[in-house]
Amino acid sequence: MDFLNKKIQKILFICILSFLIVNLTKSEISEVKDVSKFLSVGGGGTGGCQHPIYCNGTLLKTIQLTQVFNDSKTFVDMPMRTSIENVNELFNQLLLNTSKNGGPNKEELAAFLSENFYPAGYEVEPVTPVDWVPNPSFLDEITDPNLVDFARSIHGKWLELTRVFNTSGLCDGCYSSIPVNNPFVIAGSRFREFYYWDSYWIIQGLLVSDMTTTAKGMLRNFGDMITEFGFIPNGGRIYYLNRSQPPLFTQMVNKYFEATNGSDIEFLQEILPILDQEYQWWMTHRTTELTNGETGESVILNLYNVSNNSPRPESYYEDFTDAQSFSSVEEKDYFYSSIASGAESGWDFSSRWMSPSDNTNLTTIQTVDVVPVDLNSILYLNEKILSSFHRTLGNNSMAVYYQAQSESRVDAMQQVFFNEDTYQWNDYNLKTSTNNEAWYTSNILPLFADIQSSIDMDNQEIDLIFKSLANVLIAYPGGVPTSLISAQSLQWDGLNVWPPLQYWIIESIMTPNTTFSNMIGKNLIDRWITTNFCGWNSTLESEGGMMFEKYNANYIGVPGGGGEYVVQNGFGWTNGVDLYLLKKYGKSITLNSC
């Protein structure tokens, strides 16, 4: 069908949103250190960071474009030893003293930073989680002794990855971190702070490890973010305050509620208005209206759309350099907005967001004009969960509201995304008015959200999906590739195998519970756990057992590659996915040969 894009010009559901905001009492708002002095109200519903050191200004531009560090993120994670005013005064003096030579060189800038800044991550401290125990009960659910050792090692990594922000010895505004009240688990390596969507899998792993106190503390942190900013930022740094990430908070709360057997009603009562508030943010600031050219019917779906007209501070050099491909301010602004929106998607970056005519070239990025299948699948599941939560608390009118929202979304997704020939769901491009029919793991994510129960898709039709994808789902020893498009600069493509996507693929396959889908799912679970186990085992003596951020589909136990930084170890979401699978399927997992 032919759809024409219309930008939403009015605030949706304003009455409900106003009610929710008014009824957030002070008792529900935790104390967090104020960072509002460095925020301004930006487009797209976020308060963009205006910090003169970490987000804007000559100092940031000079440091990043000189490439004092190989990784642009290093500088913006370095706390200041003295006030903003002093740092700027000293920097201006440096510029004056070196003006005859064309400005400071890399060595002079490095010396300036050493004198006036602490090392990156100085204010982030390890902490021992209060609820960690050496022998969690889930280990009894695993049959293979090798996998028991593997699981115990992963469980032990929570001790290595749990952090707190400690800014007590730093001056006001002298750091980029967003302080929170409770300990949190980081991803690892360069990712020194908490991240929004990573935490969905981290929290699942914590719940498997019986660490409900730590998990609940992280949920409270996110609730505080929504109360403070209206949404959950990409991560725990002020330079992330112009964007969010895939909205998985509602599903995190649901996982906690399930793990505690629905007993923590008091917490649900506390957090539900905040979940409502986040939902309304996404429905107010991240929507597009599409009209059916044949029937005139309009539908509303969500997309990533960050208002941004400058390089991301943590990737300043890369963004600035790429933007030089454009001659006009309008083109650069579109690029910067789409780059930030690609980061908001979590898939930073993928051919999904590129121009169909040149989909391996990052400078063709057009994320703001792509309506994604996975985002709308996430929100569909959120709507069903929110309806259930409100029904649990006796809020029948809100339960009916969310049920209606989910039904409207299913109808819209079927109209806009569904391919009747392949039985897959494909992203929709607003510029070309066409669907992207290439294979991506996101193509079957609606099955994870159990859309099949709402559209009367029978088991035979579901099996047709998996049979048509058998060459992708079972052909690679290291797991299911993100796409079949190869581009070295696009890490969310090609042969990279990402833990969150493997989780979603496995759950999408296992949710329908057909004989064929269960067979395919079992095969994939075995391959995925094998590649993680082998990567861990081969580095056990030298590195203590490495858990990578991503893996290579072609090889067992080998990390993936590409993108803006080297492959990372740790790793929060890998640990969470593996613990979840080891508990759920631990009695039946078969390790393949390394």
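Using N, Cα and C of the backbone, Cβ positions are placed for all residues, glycine too.
According to Swiss-Prot, of the residues N23, N70, N70 is the one noted as N-linked glycosylation site. N261 is the residue among N261, N308 that Swiss-Prot labels N-linked glycosylation site. The two recorded residues, N537 (N-linked glycosylation site) and P313 (substrate binding site), have Cα atoms 37 Å apart. The recorded positions considered are Q245, N261, N305, N537; of these, N261 has the fewest other C-beta atoms within 10 angstroms of its C-beta. Between N242 (N-linked glycosylation site) and D348 (active site, proton donor/acceptor), the C-alpha separation comes to 16 Å. Taking the Cα atom of each, P313 (substrate binding site) and D348 (active site, proton donor/acceptor) are about 15 angstrom apart.
Fewest Cβ neighbours within 10 Å among the binding-site residues R190, R243: this applies to R190.
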